[in-house]
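A.B. asks: Mind looking over this structure? Questions follow.
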Amino acid sequence: MASMGLQVMGIALAVLGWLAVMLCCALPMWRVTAFIGSNIVTSQTIWEGLWMNCVVQSTGQMQCKVYDSLLALPQDLQAARALVIISIIVAALGVLLSVVGGKCTNCLEDESAKAKTMIVAGVVFLLAGLMVIVPVSWTAHNIIQDFYNPLVASGQKREMGASLYVGWAASGLLLLGGGLLCCNCPPRTDKPYSAKYSAARSAAASNYV
């Protein structure tokens, strides 16, 4: 029962992380306009995401535009787009494997095969979490580096957007859920064989006497 509860908790955390990755991918808030002291860098708030950028006027009006080309993105956001999409696909595979190997499903009859499938699902979730945390941390590092770089113009300085925090939370959920699923140990099947072997030895010894 405890093993099933651990498994359900791991699947739930991983699914929440998977949904958070999709939210991180969709939100155009990887980079936002920076505020330096009490002065606003520009009269507009600029949001930059993986798929579009949005400009929010001081009046509250917002306009979003999809990137015309992949080359319009900075290098870190190009890599982030690829890794986040791969992470979503890999996590979807992990969800499928966790359903197949779940204790409360009948997709597999063998308990050992179920446990092994669940371990594979946990490893897949761990990989998905790593694929998210790498681009999010890379983008955050570049933002901080440019913010304190005196050679970068004030209008080009950005701050970390909400998508980065969502990405960190998503990677944490995926890593935690995958770690819990990897704790599913397959049942041992060598006990019956050892019992039969010992019984056969005792029978042979009695016949010899």
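Using N, Cα and C of the backbone, Cβ positions are placed for all residues, glycine too.
A quick note: this is a predicted structure, and the numbers were derived from the prediction, not measured.
Pasting the feature list from Swiss-Prot:
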type	residues	note
REGION	1-103	region 'Interaction with EPHA2'
TOPO_DOM	1-7	topological domain 'Cytoplasmic'
TRANSMEM	8-28	transmembrane segment
TOPO_DOM	29-81	topological domain 'Extracellular'
DISULFID	C54-C64	disulfide bond
TRANSMEM	82-102	transmembrane segment
TOPO_DOM	103-117	topological domain 'Cytoplasmic'
TRANSMEM	118-138	transmembrane segment
TOPO_DOM	139-160	topological domain 'Extracellular'
TRANSMEM	161-181	transmembrane segment
TOPO_DOM	182-209	topological domain 'Cytoplasmic'
MOD_RES	Y208	phosphotyrosine
A.B. asks: What average pLDDT does the predicted model assign to the topological domain 'Extracellular' (139-160)?
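C.D. replies: Reported value for the topological domain 'Extracellular' (139-160) is a mean pLDDT of 85.
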A.B. asks: If you count other Cβ atoms within 10 Å of each one's Cβ, which of the disulfide-bonded residues C54, C64 has the most?
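C.D. replies: In terms of Cβ crowding, the pick is C54.
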A.B. asks: Per DSSP, how many helix, strand and coil residues does the topological domain 'Extracellular' (139-160) have?
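C.D. replies: Breakdown, helix to coil: 12 helix, 3 strand, 7 coil.
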A.B. asks: What does DSSP assign C54 (disulfide bond), in three states?
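C.D. replies: Reduced to three states, the DSSP call for C54 (disulfide bond) is strand.
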